[in-house]
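**Q** According to TrEMBL, the feature Mn(2+) binding site maps to His184, Asp207, His209, Asp211, Asp306, Asp308. The annotation signal peptide is assigned in TrEMBL to 1-17.
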Amino acid sequence: MFRLVATISAIAAAVSAHGDHQEPIKAGPHNNLWYNTLPGDGGTQADSVFSGISTFGRIAYSPCLATEDVKYDIAFIGAPFDTGTSYRPGARFGPSGIRQGSRRLNLYGGYNVPLGANPFNSWATVIDCGDIPVTSYDNAWAIHQIEEGHNSILMREPMTNASAPGPSKKGKTLPRVITLGGDHTITLPLLRSMNRAYGPITVIHFDSHLDTWRPKVFGGAPTHQASINHGTYFWHASQEGLLKNDTNIHAGIRTTLSGLSDYENDGYCGFQIVEAREIDTIGTEGIIKKIRDRVGTEQPVYLSIDIDTLDPAFAPATGTPETGGWSTRELRTIIRGLEGIKLVAADIVEVAPAYDTNAELTTMAAADTLYEVMTLMVMNGPLSEMSKKGVDAKEEI
Ligand SMILES: [Mn+2]
C-alpha cells in the first residue's frame with residue numbers, strides 16, 4: 001500500500017513539475033485531461049502524434065471548400081477518386097492513407113537535415129483542406145468536381161505577399177496546392193485548373209508508366225468517357241493544350257509497351273523520357289541533371305508523382321505495380337535535387353492502402369516524399385519571390 005501511494009505521489013509530483021513548464025491548454029475537448037498538460041510529444045497540444053483526427057503531418061485542418069475565410073500559402077487537398085483505374089482499384093482511400101502515414105513527420109520538429117530547412121516552421125502557412133467531395137458513380141462529374149474544387153483553393157490570395165506580382169497568367173501571387181490522389185486520372189482536371197491559373201505548364205512526372213497513351217491503345221475508348229483514364233490523361237492534356245511544348249519530362253519509366261510507337265507518341269505529347277534503369281549507369285545525380293536541363297528554373301512547374309515510381313518492394317500498395325523501380329531513398333534524393341525549380345503545385349497519386357503491408361510502407365513512402373516536396377516549396381519562398389530565387393539556384397549548379 002505504501003509503495004502504491006508513493007508511486008501515485010511521484011506521478012502527481014511529475015505532472016505538477018511538468019505543469020510548471022507548460023502553458024495550460026486554453027481550448028479544445030481534451031483541455032481538462034491532465035496528461036495533455038505534459039510537454040513535447042510532437043503533436044498538437046491537444047493530441048499526440050498517434051491520437052486524434054488525421055491531417056497531413058498533423059498540421060491544422062480547415063474546410064477550405066466551405067469557407068473563404070482561411071488564408072494559407074501551401075494547402076493540402078485530397079481527391080479520393082479511383083474509377084479511372086485499369087488494374088487494382090482502391091486509390092480513393094489514398095488521401096486518408098497518406099495522412100495516416102504522415103503522422104510522425106514532425107514528431108521531432110520536422111527539420112529536414114539534407115535540405116537544411118523546416119517546412120513545419122517557416123514563413124509559410126501550411127494547412128490541410130480535407131478532401132474534394134467526389135462522386136464514385138459518374139466519372140465526368142467527378143472530374144468536374146476535382147477541377148472546380150482544386151481551382152477554388154488555387155485561385156485565392158495567399159497568406160504571404162498577396163498583393164505582390166507573381167507568375168500567374170494575371171501576374172498574381174497564388175498559394176501552392178498539393179493534391180493527395182486518387183488514381184492518376186485526377187491529374188487531367190488538376191492540369192485544367194492549373195491552366196486557368198498559369199496557362200500551359202511544364203510538368204515533371206515521376207512514374208513507371210508513360211500515361212500519354214492514345215485512348216484507342218489504352219482501354220480501347222468504347223465511349224468518350226472511357227477514353228479518359230489513368231493511362232491516357234496526359235494524351236488528353238496534350239490535345240487540350242495544357243502542357244507547355246517540349247519542356248516536360250517523365251522519370252522512372254519501365255513499363256512494357258504496345259510497341260515503340262508508344263514512345264513516338266509520347267514525344268508528340270511533349271515529353272522526354274528518363275528510364276528507371278538509367279540509375280544503374282548515371283546514378284541519381286545524372287537523373288537530376290537530366291530533369292533540371294529539361295525544365296530549367298525560370299518557368300512555373302507542376303510536379304506529378306505516381307507512387308509506382310518506387311519498386312513494389314518499397315511501395316506495394318498501388319494500382320499498377322512494376323518491378324525494377326527505385327528505392328524510397330533514391331526517389332527522395334532525386335526530388336531533393338529539384339531545389340530551385342519553380343514548383344507551383346504538385347500531386348501524389350495511385351496510393352491504394354488496401355494493398356499495403358501492416359507496416360504502412362506505401363503510405364509512409366508517399367508522406368515522406370511529399371515532405372521533401374513541401375520543403376522545396378518552403379525553401380523557394382512565396383511565388384512572388386521565385387524569379388530571383390530560381391535564377392540564383394541555377395547559377396549555383
Ligand atoms: Mn503509373
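Glycine is treated like the rest: Cβ placed from N, Cα and C.
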**Q** Is it possible to get the count of other C-beta atoms within 10 angstroms of the C-beta of His209 (Mn(2+) binding site)?
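**A** A count of 27.
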**Q** Near Asp211 (Mn(2+) binding site), how many other Cβ atoms are within 10 Å of its Cβ?
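**A** Asp211 (Mn(2+) binding site) is surrounded by 28 other Cβ atoms within 10 Å.
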**Q** Run through the Cβ atoms and count how many others sit within 10 Å of the one on Asp306 (Mn(2+) binding site).
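**A** There are 28 such Cβ atoms around Asp306 (Mn(2+) binding site).
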**Q** Could you tally the C-beta atoms, other than its own, that fall within 10 angstroms of the C-beta of His184 (Mn(2+) binding site)?
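**A** Around the Cβ of His184 (Mn(2+) binding site), 32 other Cβ atoms lie within 10 Å.
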**Q** Under 8 Å Cβ to Cβ from Asp207 (Mn(2+) binding site), same chain, six or more residues apart: give me those in sequence order, or none if nothing qualifies.
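**A** In sequence order, the residues whose Cβ lies under 8 Å from that of Asp207 (Mn(2+) binding site) (at least 6 apart) are His184, His250, Ala251, Gly252, Ile253, Ser304, Ile305, Asp306, Asp308, Thr309.
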**Q** Look up His184 (Mn(2+) binding site) in the DSSP assignment and report helix, strand or coil.
**A** helix
**Q** For a quick check of packing: other C-beta atoms within 10 Å of the C-beta of Asp308 (Mn(2+) binding site), how many?
**A** 28
**Q** To test your reading of the Mn(2+) site: which residues beyond His184, Asp207, His209, Asp211, Asp306, Asp308, same chain only, put their Cβ within 8 Å of the Cβ centroid of those residues?
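**A** Surrounding the site, in chain order, are His205, Ser208, Leu210, His230, Thr309, Thr320, Val349, Glu350.
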